[in-house]
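Down below is the structure, laid out as structure tokens.
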Amino acid sequence: MPTKIAVLGAGSWGTVLANLLTENGHEVDLWSHNPDQVALMKRTHQNEHYLGAEFTLQPALHVTADLGQALDQAAVILFVVPTNAIRSVAEQVKPILQAHKGRGEQPIIVHAAKGLERGSELRISQVLAEVLPKELIQGIVVISGPSHAEDVATHDITTLTAASDDLKLAEKVQKLFMNDYFRLYTNTDVIGVEIGAALKNVIAIGAGALHGLGYGDNTKAALMTRGLAEISRVGVKLGAEPLTFIGLSGVGDLIVTCTSVHSRNWRAGNALGQGEKLPDVLKNMGMVVEGVSTTKVAHQMARELDVDMPITDAIYQVLYENAPIRTVITDLMKRSGKPEFDFDNASLQKP
């Protein structure tokens, strides 16, 4: 039975997910806030700016700049916009859902964002829950894991996690996406999935910088492993399940983001390692680099939670204090010795 789905955000990931859901037989509206982009996509049946000329939109996929049209009778609303746009888009969605109230079952809200809101330090599901009251929606599901849009576009095998406080909702979303190249597992640890998704972008900037500086595999492996320790520490302090961080949304997403040229965060770090300045890097990228803003949020969270995050702090110094990368690397290596696993540290224990 086809499901009516609204995908909000026509960047690379939103477009690919909308295409996949259409392939799976669902009725999908892909919304963009940019009418010119919509007109071009309708004319060319492509999203060349984000995905190149080889990627073709499914004929049945409907692209629109009319948010009300996209949301009309939608059983599922999938947010695939940058973290800094989540709240504003949700605020546009809210009055439309209020007008639709009583016309049928409330929609399931799904998001695929990988970041934290600046200022509030909220996870994305928290932002959505703050804007969209319970009486307007069934609940919230997050999908996350090791995934680049470019690979999914060519039907490379990909596995993600669908996480929700309500397992039945996660299972419903799981069924929508599953096919012979795209597989979802379910999880109820929303905190862990969202923290892993957001903070791995910070570590990926560091991994890219190491590559740009010419460091080898040993160094990169050390950064990723100790970076995962930092992500786990802050996640567990916030109430996440430790096992989540060795799953798809933890170590899985960390690996793909820290090793792939498709990763915007890795590419940004690589450019910094080669000597480019951050404003120039962001301008040349032409797309959102979530890890830059997330670094600032994570730096503040570490202090508020009293969690040791030396790698995150080092990346913060490079991005926001113009510290030389080689200097912060030396400072990291000169820290006093400590055990690899500090199980007596309160930040490693679930509250």
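Note that Cβ sites are derived from N, Cα and C of the backbone, with glycine treated the same way.
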- Query: To which of Asp189, Asp253 does Swiss-Prot also attribute binding of sn-glycerol 3-phosphate at the site defined by Lys114, Gly145, Ser147, Lys200, Ser263, Arg264, Asn265?
  - Reply: Asp253
- Lys200, Arg264: which of these binding-site residues has the sparsest Cβ neighbourhood within 10 Å? Arg264
- Query: What is the total of other Cβ atoms whose distance to the Cβ of His33 (NADPH binding site) is within 10 Å?
  - Reply: 16
- Set of same-chain residues at least 6 away whose C-beta sits under 8 angstroms from Ala149 (NADPH binding site): Ser12, Trp13, Thr15, Val16, Tyr50, Leu51, His262
- What is the Cβ neighbour count of Lys114 (NADPH binding site) at a 10 Å cut-off, with all protein chains included? 27
- Query: So which binding-site residues out of His33, Lys114, Arg264, Val288 end up within 10 angstroms of Lys200 (sn-glycerol 3-phosphate binding site), measuring C-alpha to C-alpha?
  - Reply: Lys114
- Message: If I take the alpha carbons of Asn265 (sn-glycerol 3-phosphate binding site) and Val288 (NADPH binding site), what is the distance between them in whole Å?
- Response: 9
- Message: Under 8 Å between C-beta atoms and at least six apart in sequence, can you list the same-chain neighbours of Gly145 (sn-glycerol 3-phosphate binding site), or say none if there are none?
- Response: Thr158, Thr159, Leu160, Thr161, Leu248, Ser249, Gly252, Asp253
